[in-house]
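Chemist: Please see the structure below; I have some questions.
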Amino acid sequence: MGKGGGCVPSKKKKPATTGDGPGIDDDNDATNAPIQIDDDQTTIDGDRTTATNTGGTTTPAITTTAAKISSPLKIFVVFYSMYGHVESLAKRMKKGVDSVEGVEATLYRVPETLSQEVVEQMKAPVKDLEIPEITAAELTAADGFLFGFPTRYGCMAAQMKAFFDSTGSLWKEQSLAGKPAGFFVSTGTQGGGQETTAWTAITQLVHHGMLFVPIGYTFGAGMFKMDSIRGGSPYGAGVFAGDGSREATETELALAEHQGNYMAAIVKRLAQP
């Protein structure tokens, strides 16, 4: 105890120091992946794991079975898109997921709740029938999710909400608990809900016990480009649709691809024994 009641470090044990973390490199996808935590080194011996700290002493670790991943990890990109804006992000997001070894993405549409007559009156384009509709029961086969939807008054569209409402049986059994998920959105204007549409959707994950995975600022310099209008936020990728005629820019699509890559890295990390 020092003068004035302040604590001073022991002479025998110096406080640990940490080095500077890696910087952001826009041309290197590896730096956009989650930063590895190496304070403790974990080694696998047969079917048991042992954690060894940096001081060279062995400490007890939770006994686990070293699971051998024989098939690719699956990320379901589940979306609703009336005019194709969310769909364009979804397809680019799949590219990002598939770029990570050992992880693959599958695109799914949620069912339309509007009648065909209403859809035609709204002049919505024909849906891509090569992308199948998904049922709630199929969600259990995924290791992670990326949900995409347009905004309606700052919240997810009714079609996506109806799909989440159909997952009651999964909620009852907590079948999706512990699985990571992220969001991507489409709004008409800059103030139309790029952030609120995502964070109001988090409640769907909470009740299922799922893990929300935002992208933060892992996209690096692309998150700070101000030379042109750009959708997307720390919550996830996004696109501005305007009056419906505006298409996603390359920056918006690149952010979607990055989110797919980032989510794949997270899912892969969580699957490690």
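Note that Cβ sites are derived from N, Cα and C of the backbone, with glycine treated the same way.
Look at Swiss-Prot and you will find 1-60 tagged as region 'Disordered'. Here Swiss-Prot flags 75-263 as domain 'Flavodoxin-like'. Positions annotated as FMN binding site by Swiss-Prot: 81-85, 183-236. Summarising the annotation, Swiss-Prot assigns NAD(+) binding site to Y83 and lists similarity to another entry as the type of evidence.
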Chemist: What's the CA-CA gap between M210 (FMN binding site) and the residue listed as 'NAD(+) binding site' in angstrom, rounded?
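Modeler: Here the two Cα atoms lie 29 Å apart.
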Chemist: Please list residues from the chain of S186 (FMN binding site) whose Cβ is under 8 angstroms from its Cβ, counting only those at least six apart in sequence.
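Modeler: When sequence neighbours closer than 6 are ignored, S186 (FMN binding site) has S81, H85, V86, L89, G148, F149, P150, T151, G231, G238, V239, F240, A241 within Cβ distance under 8 Å.
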Chemist: If you count other CB atoms within 10 A of each CB, which of I202, M210, M226 wins among these binding-site residues?
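Modeler: Neighbour-count leader: M210.
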Chemist: Just name the most isolated of the binding-site residues S81, Q194, T218, going by other Cβ atoms within 10 Å of its Cβ.
Modeler: T218
